[in-house]
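Novice: Once you've had a glance at the structure underneath, I'll fire off some questions.
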Ligand SMILES: [Zn+2]
């Protein structure tokens with residue numbers, strides 16, 4: 001299937017007339033992207049206008065931007081993890097209180113890590129990184145913990161829910177790279193092996209109880225304390241300083257663009273409310289309805305990686 005539409009854009013080389021021709025290959029990107037209508041040329045122009053008129057865009061991204069990199073989200077209809085399995089994310093309280101819960105979590109995470117950590121940014125991540133280089137992006141806030149924005153080179157970035165690529169000691173607060181912990185896992189479990197049976201957005205996989213019981217979990221090398229990925233689990237709160245920082249960034253911005261989030265989680269939704277109070281124009285790019293569609297001046301249902309590279313951040 002091929003679609004063509006001609007639009008006038010200023011390309012990087014200074015030419016103005018660009019005939020955009022996109023090959024639409026449903027299914028090539030994979031299992032985790034919900035079906036979406038083809039890019040609507042009129043809405044694309046509206047988004048271009050939205051971006052052009054903004055001098056300080058704040059972009060907030062969610063799981064929907066990473067599905068095109070092969071990472072499933074939790075909530076998408078039919079293809080999200082909630083729809084495909086009966087697995088639910090780990091609860092913060094259970095992790096902190098129970099050594100058995102931590103053992104199960106880390107065993108699964110150990111198996112899933114090589115695949116989870118190898119995911120690469122897709123054209124949507126690269127586009128936003130380019131917006132930053134071109135001075136268009138005021139700040140980027142992500143709800144994702146996959147480090148794909150960092151891998152794409154974004155620096156004006158707040159990871160609202162932390163990052164799976166760091167490990168935090170719950171007892172002394174030391175942060176260490178996740179890769180270092182992987183080597184410690186391997187050294188402690190030389191004969192342990194398990195097959196991954198499906199990857200969750202947080203790098204979790206599915207294992208049997210026997211596999212879990214024999215897995216050895218190291219403790220903090222500095223204090224012997226409990227290790228946790230440096231991410232906000234369900235049931236935990238986002239750090240207050242981080243929330244205040246993002247609120248300030250939203251107030252300083254002149255528009256807000258949501259990319260790939262249904263905004264169901266309050267930790268992200270509250271910034272939409274701040275933007276609304278400030279009367280900032282809000283645009284939403286997400287396949288499927290969101291909690292804030294009624295607050296947006298523009299809503300697009302296209303794939304992030306298909307649409308964002310078409311926008312010129314001039
Ligand atoms: Zn420690």
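Using N, Cα and C of the backbone, Cβ positions are placed for all residues, glycine too.
Feature list, courtesy of TrEMBL:
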type: DOMAIN; residues: 37-314; note: domain 'Deacetylase sirtuin-type'
type: BINDING; residues: 62-82, 143-146, 260-262, 286-288, 304; note: NAD(+) binding site
type: ACT_SITE; residues: 161; note: active site, proton acceptor
type: BINDING; residues: 169, 172, 220, 223; note: Zn(2+) binding site
Novice: Beyond 169, 172, 220, 223, what residues of that chain have CB atoms within 8 A of the centre of the Zn(2+) site's CB atoms?
Specialist: 170, 171, 173, 174, 219, 221, 222, 224, 225, 227
Novice: Can you give me the Cα-Cα distance between residue 66 (NAD(+) binding site) and residue 223 (Zn(2+) binding site) in Å, rounded to a whole number?
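Specialist: Residue 66 (NAD(+) binding site) to residue 223 (Zn(2+) binding site), Cα-Cα distance: 35 Å.
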Novice: Compared by Cα position, which of the binding-site residues 169, 172, 220, 223 is the closest one to residue 146 (NAD(+) binding site)?
Specialist: 169
Novice: Rounded to a whole number, how many Å is the Cα of the residue listed as 'active site, proton acceptor' away from the Cα of residue 62 (NAD(+) binding site)?
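Specialist: Taking the Cα atoms only, the residue listed as 'active site, proton acceptor' lies 11 Å from residue 62 (NAD(+) binding site).
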Novice: Across all protein chains in the structure, which of the binding-site residues 62, 70 has the highest Cβ count within 10 Å?
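Specialist: Answer returned by the neighbour count: 62.
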Novice: Which residues of the same chain, at least 6 positions away in sequence, have a Cβ lying under 8 Å from the Cβ of residue 169 (Zn(2+) binding site)?
Specialist: 175, 176, 220, 222, 223, 225, 226, 227, 228
Novice: The domain 'Deacetylase sirtuin-type' (37-314): mean pLDDT?
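Specialist: So the average pLDDT across the domain 'Deacetylase sirtuin-type' (37-314) works out to 91.
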Novice: Anything from the binding-site residues 169, 172, 220, 223, 286 with its Cβ under 6 A from ligand 1? List those in sequence order.
Specialist: 169, 172, 220, 223
Novice: Taking DSSP as the reference, which of helix, strand or coil describes residue 223 (Zn(2+) binding site)?
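Specialist: In the DSSP reduction, residue 223 (Zn(2+) binding site) maps to coil.
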Novice: Which of these binding-site residues is closest to residue 172 (Zn(2+) binding site) if you go by CA atoms: 62, 70, 286?
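Specialist: When the Cα distances are compared, 62 comes out closest.
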Novice: List the same-chain residues at least 6 positions away in sequence whose Cβ sits under 8 Å from the Cβ of residue 286 (NAD(+) binding site), in sequence order, or say none.
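Specialist: In sequence order, 62, 64, 258, 259, 260, 261, 262, 299, 300, 301 meet the Cβ cut-off.
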Novice: Using a 10 Å cut-off on Cβ-Cβ distances across all protein chains shown, tell me which of the recorded positions (66, 146, 161, 172, 223) has the largest neighbour count.
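Specialist: For the recorded positions 66, 146, 161, 172, 223, the Cβ with the most other Cβ atoms within 10 Å is 66.
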Novice: Provide the number of Cβ atoms within 10 Å of the Cβ of residue 220 (Zn(2+) binding site), excluding the reference atom itself.
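Specialist: Around the Cβ of residue 220 (Zn(2+) binding site), 18 other Cβ atoms lie within 10 Å.
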